[in-house]
Amino acid sequence: MERAAQSTDGGGGGGSNSSSRSSSRATSAGSSPSCSLAGRGVASRSGAAGLGGGGSRSSPGSVAASPSGGGGRRREPALEGVLSKYTNLLQGWQSRYFVLDFEAGLLQYFVNEQSKHQKPRGVLSLSGAIVSLSDEAPHMLVVYSANGEMYKLRAADSKEKQLWVTQLRACAKYHMEMSSKTTPGSRSRSLTLLPHGTPSSASPCSQRHLSTGAPGVVSVTRHKSPAAARRAKSQYSGQLHEVREMMNQVEGQQKNLVHAIESLPGSGPLTALDQDLLLLKATSAATLSCLGECLSLLQQSVRQAAPPSHKPGASETILGWHGPTSHSTDQLKNGTLGSLPSASANITWAILPNSAEEEHNSQPEPEPDSGPELVLSEEEQSDNEDKGEVEPGAMEDQRSVILHLISQLKLGMDLTKVVLPTFILEKRSLLEMYADFMAHPDLLLAITAGATPEERVISFVEYYLTAFHEGRKGTLAKKPYNPIIGETFHCSWEVPKDRVKSKWTSPHPPISAHEHPMADDPSKSYKLRFVAEQVSHHPPISCFYCECKEKRLCVNTHVWTKSKFMGMSVGVSMIGEGVLRLLDHGEEYVFTLPSAYARSILTVPWVELGGKVNISCAKTGYSATVTFHTKPFYGGKVHRVTAEVKHNPTNTIVCKAHGEWNGTLEFTYSNGETKVIDTTTLPVYPKKLRPLEKQGPMESRNLWQEVTHYLRLGDIDAATEQKRRLEERQRVEERKRETLRTPWRPKYFIPEGDGWVYFNPLWKTH
């Protein structure tokens, strides 16, 4: 990737790439100080931003042209210079000469400085634009225009980047203010303010991505019906008063935060000058500033509301707070809206302060001596729920909804707090999906039957590679329900003892994948119990634990799911780790999880896994590396996976594997033997669960049963409404906890170090 080189002292000589040498400079427009950026409230620091060896120069009196002054003078740019611009995947970064025209509110670029008097190669309007920093490349900034265009730019150094960001944001802010003062009630463009940066901030520290907890989206939405526009405006006056009250409370909390940070000592492990704390101060202030401007725009729109007798023009627009005007006051006050009422609804995507939260369980905490018996075994029944339903392709109205969503998102945007349309939901919770990874419990329990550490680690790798295919239901990429804080899922499996054998012993008779191996006599089977719980909502952390007392085996795992928008796909990173403990052997196998990707989200979405995961046992010295290969752009196979098991003390590879994680896997051992496993023919052991009427109120299937019911009927509106009710109940409970300053206490898991462990694990009780 070509990158801009830093300038040398005096602006000449350049770096390794002289064509990319940045020569940005501010030019005088002949404006008075009152018309300069400093006069508009933007802090210009001539000393800090001065020319220091080829950098940018800025002064308060000569930064920008006065929009109103200058008479018949030739209009001059506020800033110009060389930046690297990302063009496309093949050409990468290219040096271009950029000119910022403050008076016109335009960012233009040319091939080089000599061609700047010709027609520009590209022009980006800065009115209502968002300027944010990016970690994709050094000294990178991204400019998002209000019409959806985007420029990815790189400066030569941090000072150069800072100058451009400051001036671009000042220009965007100025023109947004001017447009809101002139015709606030008759604008026809669509403006979206996203928490990737804010044009209202001139602080250097604030010019980075806002935290993921930042508030969401304020959109200007066109209403075709003038009557609907008048009704919407009349509804907002009282609602905005409540928003103002909430803003006042948040401002007070932000002041307390700043005071607490500034009260920290000047030395020690944590000081008031800590980089992360400075960023926290800046982003919180910038967020409030942005929200304040949005609220001012909304208030101006309400004041401009026409009387009932007035007939506005067809182009009149409504400033909407997070969504359609028909939503309740409580939703507006919370700053959140539920998912789409239907696939063709009038939508504005809202970013939630918390990811799909619902009411927490009011059941008492488990007693410390209650043991790991989570549910009554005699109440459990085999799960007969049909998982093989055929899903149709994306319908046209659904595709338009997804396309609208994509237009609201930015590359790399965190989707953890984005409300997704209900029709893309899978009919199960994420906690149940983790349980479905255990659909081959015979392979898991067979690990303990290995006679040597080598046999056991290879058996674990075999189980690991065959676990993921059953966790994915159907061919289409569907999103499971986001577990709410306090949600739990319980199930178990019964595995006939004659099915649990080491791979080195004589193989047992094959069973069809459509057969469900069951033990008629419970005494002739092993019992594997499973419990999962959502222990945190920010970040969203799920924990699950399973154990088999008879085999003295248990698995404890915590996973933080972090999703990211990647254009035509969505990536989900599963951050965390699991530990498999074999108590009879004193071995602990630590493992991580791959990332998941939903591809082709506009047509027929499909899922693939990607990334490198590690499995290691400190006691035996064995480790394994498993690589899930994503499909390349051109050619290549899908769902490919490779693995290698190694004995670290002797640096010996004892096993290699390759194939497809949802198809055929071939294992080659150190003794020359090979083994082929077809995951599609492996027997699937059904889960055993209690019926819904005997499940607790916070157990996944009971909690989501109404949503699941309406999704099965195809009633998206009703499913969306049920989901919204769950979310609203949870927000009420969360506000109660905040008021009482009562921290959330998970029911079955406790924090330990950087992770979470089951409160009464097998290794502590046996």
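Including glycine, each Cβ sits where the backbone N, Cα and C put it.
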Annotated as phosphoserine in Swiss-Prot, from the list Ser31, Ser234, Ser267, is Ser31
In Swiss-Prot, of the candidate ranges 306-337, 498-529, 722-753, the one given as region 'Disordered' runs 306-337
Of the binding-site residues listed (Leu415, Val418, Val419, Leu420), the greatest number of other CB atoms within 10 A surrounds the CB of Val419
The most crowded of the binding-site residues Thr416, Asn482, Ser563, judged by neighbouring Cβ atoms within 10 Å of its own Cβ, is Asn482
Summed over the domain 'PH' (76-173), the DSSP helix, strand and coil counts are 19 helix, 44 strand, 35 coil
